[in-house]
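Here's the structure we're looking at; comments come further down.
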Amino acid sequence: MTHMPETPLLDQVHYPSDLRKLEDRDLPQLARELRNEMIDAVSRTGGHLGAGLGVVELTIAIHNVFNTPNDRLIFDVGHQCYPHKILTGRRDRIRTLRQEDGLSGFTRRAESEYDPFGAAHSSTSISAGLGMAVAAELDKTDRRVIAVIGDGAMSAGMAYEALNNAGALDARLIVILNDNDMSIAPPTGAMSAYLARLASGRTYMGFRDFGKKLTAYLGKNVDRAITRAVEHARGYVTGGTMFEEMGFYHIGPIDGHSFDHLLPVLRNVRDHAQGPVLIHVVTQKGKGYPPAEAAADKYHGVNKFDVITGAQAKVKPNAPSYTSVFADALVQEAMLDEKIVGITAAMPNGTGLDKLQEFFPARCFDVGIAEQHAVTFAAGLAAEGFKPFAALYSTFLQRAYDQVVHDVAIQGLPVRFPIDRAGFVGADGPTHAGSFDTAFLATLPGFVVMAAADEAELKHMVRTAAAYDLGPISFRYPRGEGVGIELPERGEILQIGKGRIVKQGSKVALLSFGTRLADSLAAAEDLDAAGLPTTVADARFAKPLDHDLIRQLASHHEVLITIEEGSVGGFGSQVMQFLATEGLLDNGLKIRTLVMPDIWMEQAKPEVMNAKAGLDRAGIVQTVFKALGRSRIIEVAG
Ligand SMILES: Cc1ncc(C[n+]2csc(CCOP(=O)(O)OP(=O)(O)O)c2C)c(N)n1
């Protein structure tokens, strides 16, 4: 491609086909421009910054060498895909990232043919890539499949299940291990130490040996450029690595910011590799943006920020976040009970368990991105008389459902499940929404399932869970800040299966499960004003249900509305089941269940999502009016 020296290369690259017309020597300039473009975009939208900065060269090199989208490129998690989006026809929308009606912050099949597989939860790329590689073989199609997976994502069992299978199938799959020695937090575990040992060169061999080995494997056609690359690289790993034992041809580590290393290796693999190949690429998270490079978390996820200083916009909170209230309450209980231990799956900061880690390092376990293991590990601790708090986000607990059922619930083990990010989460969209936990936990015999209505309730639930030893117990709470209610000195132990009346009325009953209570109370004001005296109750428990409370609400009100920020099948369904079983639906009770809609709701601000779902003040009022057959849909303030 010809270009004026002063013309930004990025302006000429709309798709990878444009990129392939550039000379190799142009690529470093393209990388600089791409980095700047990404920094500017994320400074306006917020989002994942460090991971994308670390793969700028790798992304360019892959699109340069491989024939995407016919060759399939899969990013694990997908949070590092912003440079990829800019290079694949989405630059004009990159400043809409994670906004309502904008680009997703992850890869999405529906968004582009260059996103052959959607992601957001980690460690799925090798499995999906293997499926595609096998499909290509069955279809007799000459297609390469490349999975890019981080060292953090390599801590999940699923990645090994896939490697194991790929090695045995001898499939034509290219796995690029993007090793930046970071997860969100510093990585944990023996695997991370192993990768560090490989990268530190203990098992390197000289490039002559490597050249021979590569020639033997790839055929005689080894590019001369590879010799140059090897001279620059710190060395190549000798045989006998874990990946080789699993049937992969293992190349690396190579410098993931050097085109001189990336291009010849990728070209050789493209042209000659037949079976599964793993390329170990060393990168730096946050590369090329000093504030990110210097930050402890390498700017994994950021708010909007000032590009010059790197200072992130601080939204002044009105109240402490639910996560911090949980963290403080857990530390408080842990001080009084040495059997309390905490478990996080690579989210010490996100779950607030870093606070427990600070106070009781020996009683807090970051097990890596390994939710399934986290749950069964907790079950083992519980079996020995400990009081494990397995603190996971609602969305990631999904991955450990069989462990919850089989290892915890069937054995009646008292594992405590603090469930953060319950309900709509905003910019991360449907992959991260905490929608299903109530539905999938409340169906399990013997489970106690709670939801905190506000941060004081959350404190009570931490204490209640600490005190409850008869079986599994969970409590859900949302992302973001609380309502600003005064916090008790210490939480109270709640009576299991008992809700509370917050406001007494007579005609309408609003039965809320979780933090929709505030909107229920606001709606009650409007309903009172409209001549409909309204009772508001906080169920606290989806299991066991407060039968007395529900009976009373059902028999003394004309309308009963359940409200929850969760999917169908959750609290409302439990209430309906109970009412139906008891024959309480036979007396003309007008009952409605307000839940998240049965669709994958796209990213937007949580308040917008709640409004769209009809779970806000106005939505509750309208539901009551409709149930009563009133045509007047009132306008509601606030
Ligand atoms: C199943 C699952 N658990 C937790 C997360 C949250 N999460 C997102 S990115 C990330 C770290 C990934 O680290 P790595 O794979 O090394 O990628 P890097 O960000 O360092 O490039 C974590 C824990 C997730 N996306 N999926």
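Heads up, the Cβ atoms here are built off N, Cα and C, so glycines get one too.
DSSP assigns GLU371 (thiamine diphosphate binding site) to a helix. Neighbour count (other Cβ atoms within 10 Å of the Cβ, all protein chains): 30 for GLU371 (thiamine diphosphate binding site). Positions annotated as thiamine diphosphate binding site by TrEMBL: HIS79, ALA120, HIS121, SER122, GLY152, ALA153, ASN180, TYR289, GLU371.
The Mg(2+) binding site annotation in TrEMBL covers ASP151, ASN180. According to DSSP, ASN180 (thiamine diphosphate binding site) is assigned to coil rather than to any helix or strand.
Look at TrEMBL and you will find 320-485 tagged as domain 'Transketolase-like pyrimidine-binding'.
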Cα-Cα distance linking ASP151 (Mg(2+) binding site) and ASN180 (thiamine diphosphate binding site), given in Å to the nearest integer: 7
Maximum Cα-Cα separation (Å), residues HIS79, ALA120, HIS121, SER122, GLY152, ALA153, ASN180, TYR289, GLU371 listed as binding thiamine diphosphate: 32
Number of Cβ atoms other than its own within 10 Å, given for HIS79 (thiamine diphosphate binding site): 24
Integer Cα-Cα distance in angstrom, GLU371 (thiamine diphosphate binding site) to ASP151 (Mg(2+) binding site): 16
For the domain 'Transketolase-like pyrimidine-binding' (320-485), the mean pLDDT of the predicted model: 98
Neighbour count (Cβ, 10 Å) for GLY152 (thiamine diphosphate binding site): 31
HIS121 (thiamine diphosphate binding site): tally of other CB atoms within 10 A of its CB: 21
